[in-house]
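Q: The structure is given below, and queries will be raised subsequently.
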Amino acid sequence: MAQRIFTLILLLCSTSVFAGLFDAPGRSQFVPADQAFAFDFQQNQHDLNLTWQIKDGYYLYRKQIRITPEHAKIADEQLPQGVWHEDEFYGKSEIYRDRLTLPVTINQASAGATLTVTYQGCADAGFCYPPETKTVPLSEVVANNAASQPVSVSQQEQHTAQLPFSALWALLIGIGIAFTPCVLPMYPLISGIVLGGKQRLSTARALLLTFIYVQGMALTYTALGLVVAAAGLQFQAALQHPYVLIGLAIVFTLLAMSMFGLFTLQLPSSLQTRLTLMSNRQQGGSPGGVFVMGAIAGLICSPCTTAPLSAILLYIAQSGNMWLGGGTLYLYALGMGLPLMLITVFGNRLLPKSGPWMEQVKTAFGFVILALPVFLLERVIGDVWGLRLWSALGVAFFGWAFITSLQAKRGWMRVVQIILLAAALVSVRPLQDWAFGATHTAQTQTHLNFTQIKTVDELNHALVEAKGKPVMLDLYADWCVACKEFEKYTFSDPQVQKALADTVLLQANITANDAQDVALLKHLNVLGLPTILFFDGQGQEHPQARVTGFMDAETFSAHLRDRQP
């Protein structure tokens, strides 16, 4: 008897195990989003911890995590570093696996305040979920100035970290500006004026006077930096608006064009004349007069300094940090003054000879300025188009540098030319992928002629209009990698097209994931994408024919033959 019971148990277990072997190949093997990414939260006064327990074989996208407070003020969230994941269509993305804990600092929360948390993830098998949104109720939190002060600093540091260069770059830019054709030829003249025409000053005295002149110039720039940083605190939000970013991009493009010599930007000549006369009235050779000379010189913007100075001012305005604003422009002025100090002490023998190379330095700064519009527009047009703009800028710069280097006669410049040419070829790759990829995509999209639907009513109407023909509904989204793989590799296959020749093809694009999209997914009981549904001539779905996850052309063709009603 015991042997029979044991045999019966083995039969039952083996039946459950082997039943999976006969499941439909397109049947969903994926868990709901709440199981794939188990979300939880815990609040303790100002401290809130958001946690995700991520199922093995699934991952969350770092850039898709968004937190929006309602009737509450929070510090900018500091997302931890993830691991890199790469796919064919979106390149490298940071993702989280296993477990994610995100601490959030609540500065103030009124009664009934909430936090809206949005996140999105995928499975390694090529199945992506629509963005998930959770509402976190917050306990009332009274604003604490002492607690919020460090948060303000961290926010400023975060804004600064996102900027294209650090404050120390201002020193290098200042040194570089000193070697432009508008500035370098003036240094011997300025040196003579600063020393008051006295030829027998000691080295220490000459160095002291020049240093005082540079400090006067730095004072003007530092004050300008403080003013712009203070204004930036009020207009940081405006600096993130798309229209403002586009406007600034246009302005800096024009400034770059001025560095290329298309036109000249400087103070009105009448104002420059007045400032120059004021400077000339000061007594050279005396510390007080030299300091005033430097302060006035800081107000006279030459055509070569206008564009770089404007770029640094934008950097300061974005940071909103008073110390950073003053310090950055102080370093900029110090960089411009270092060559002057060297010339004053050691004479003109350290001064390079004037020539076409100075115009080339000016042009190179034009390309540096052009990087700012790309940096600004990248926030508006997205990473893909941003990469293409960086590629175009790289091709233009390295191409110009290569052509310019051809004028050199020295043998070692041949190595530099090879490096520049190689850099230009590497830079053009994203543009090449875009050009060939766009053509290929356009061709692929014409292979299957989908009728677009949006709502449940439109789906029902399309099923009625099918008039007895079988219907295939493809659920697609731009954020679904496997959906794009279906478009590129599966739907373009002639065998697949032939198998679908007598089928009405519908497609719902749920990229926006709005209320209508959510209602459609709920109506169809769809967990995520890609999902392809098949309906018979009476408009009834065949659940066994449903496809979830990517299938190549051969597998999908076999599925159509075996499963399509």
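Cβ coordinates come from backbone N, Cα and C, glycine included.
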Q: Of the residues Cys122, Cys182, which one does Swiss-Prot pair with Cys128 through a disulfide?
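A: Candidates were Cys122, Cys182; Swiss-Prot matches Cys128 with Cys122.
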Q: Of the listed cysteines Cys304, Cys483, which one does Swiss-Prot record as disulfide-linked to Cys480?
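A: Answer per Swiss-Prot: Cys483.
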Q: Of 163-183, 499-519, which span is tagged transmembrane segment by Swiss-Prot?
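A: Based on what Swiss-Prot states, transmembrane segment spans 163-183.
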Q: Express the distance between the Cα positions of Cys480 (disulfide bond) and Cys122 (disulfide bond) as a whole number of Å.
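A: Cα-Cα distance, Cys480 (disulfide bond) to Cys122 (disulfide bond): 9 Å.
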Q: Between Cys122 (disulfide bond) and Cys483 (disulfide bond), how many Å separate their Cα atoms?
A: 12
Q: In sequence order, what residues of the same chain, 6+ apart, have a Cβ less than 8 Å from the Cβ of Cys483 (disulfide bond)?
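A: The list for Cys483 (disulfide bond) reads Cys128, Asp474, Leu475, Tyr476, Ala477, Leu529, Pro530, given in order along the sequence.
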Q: Just to verify: the residue among Cys122, Cys128, Cys480 with the fewest other Cβ atoms within 10 Å, which of the disulfide-bonded residues is it?
A: Cys128
